[in-house]
Amino acid sequence: MFGLIHGFLLWAGDILFLYGVSGLFILRYLDYTNEELKNKAALFTFISLMTIAIFMLGLNETPLYRDSPEYYEIYTSYYQSIGAHFSQNIAMSAYMLLAVPILLLWASAGFMLIGILAYKYGVFSKGLSKALLIKLILLSALFISLRLMLVPYNQGIGYALQEPVNELAALCVALLYIHLIVKLCDNSAHIGGLIQQVGRLAFTLYISQTIMQLLLFKVFFPQWTLGFNRLDYWLLAISLVIVQLIFTAIYCRYFKQGPLEYLWRKLAKINREKIA
């Protein structure tokens, strides 16, 4: 429910609904053996990569550049009113709902199963083994390099492979991030405590980041969309994360859970009581 509200009203790129559906889908596999989980994760990931590649292969779109009249027309229509914002959100969210069972569910479910395996192998408490760490570093470098090589392609096989390669690179880098965070937590109780606090406010922080970026890009500085490059977006993202970390550290001195977490649990409790 929260994912649909967030997607239709605030940000069409919502992931809460996808994660919720994927989580429900993989519940049946929680009692599987590690070997069975590996097979399922590999199968779902393979289905996802093949489906996305086939879908991208069928696209024949002209690249849209930011200095083109077409881009400026889309920009002005999106920023002209609140109504335009909502109508585009509704259209994009409806498209996302259709894409979930075909394109998005399999990758999300496959990666979640890999996460379950990582948990069972103690990756979230001990980090990666040295051998696996080296393999993931090499794989990350390989997939990132390959993805950069595919950038010039706007159609054909090269274009179709961009997103599948990107997904594999993201998976490898995500596991490296997990290892890095685990080691940081082992070496600093303060960092570990702050990450735990972020976990207790995850829903609130997720929605608040959407609201902050909507205010920045839609209300205060809409011209940023026309001028920002990748470095600008990266610096803004890092700045917002720092702001949220500071907020989390202060907020958790006085409260045990975030406002949206409280609302979520309250509604879940009411729903359980109705079912009972």
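Quick reminder: no glycine exception, Cβ is built from N, Cα and C everywhere.
The structure displayed is predicted, hence computed values, not measured ones.
Per TrEMBL, transmembrane segment is recorded for 6-29 (among others).
Marked as transmembrane segment by TrEMBL: 41-59 (among others).
Here TrEMBL flags 94-119 (among others) as transmembrane segment. Here the transmembrane segment (94-119) has long-range neighbours at 7, 12-14, 17-19, 21-23, 25-26, 29-30, 34, 37-38, 40-45, 47-49, 51-52, 55, 167, 171, 174-175, 178, meaning same-chain residues at least 6 beyond its ends whose C-beta is under 8 angstroms from one of its own.
Taken from TrEMBL, the feature domain 'DUF418' applies to 118-269.
Residues or ranges marked as transmembrane segment by TrEMBL: 131-153 (among others).
Listed as Cβ neighbours of the transmembrane segment (165-182) (distance under 8 Å, sequence separation of 6 or more from its ends, same chain) are residues 45, 48-49, 52, 107, 111, 114, 118, 123-128, 133, 136-137, 139-140, 143-144, 146-147, 150, 195. Taken from TrEMBL, the feature transmembrane segment applies to 165-182 (among others).
Summarising the annotation, TrEMBL assigns transmembrane segment to 203-221 (among others).
The transmembrane segment annotation in TrEMBL covers 233-255 (among others).
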(message) If we skip the immediate neighbours and take only residues 6+ beyond the ends of the transmembrane segment (233-255), which ones have a Cβ under 8 Å from one of its Cβ atoms?
(response) 194, 197-198, 200-201, 205, 208-209, 212-213, 216
(message) Using Cβ atoms and a strict cutoff of less than 8 Å, what residues sit near the transmembrane segment (131-153) while being 6 or more residues removed from its termini?
(response) 159, 161-162, 165-166, 168-169, 172-173, 175-176, 179
(request) Summarise the model confidence on the domain 'DUF418' (118-269) as a single mean pLDDT, whole number. (result) 90
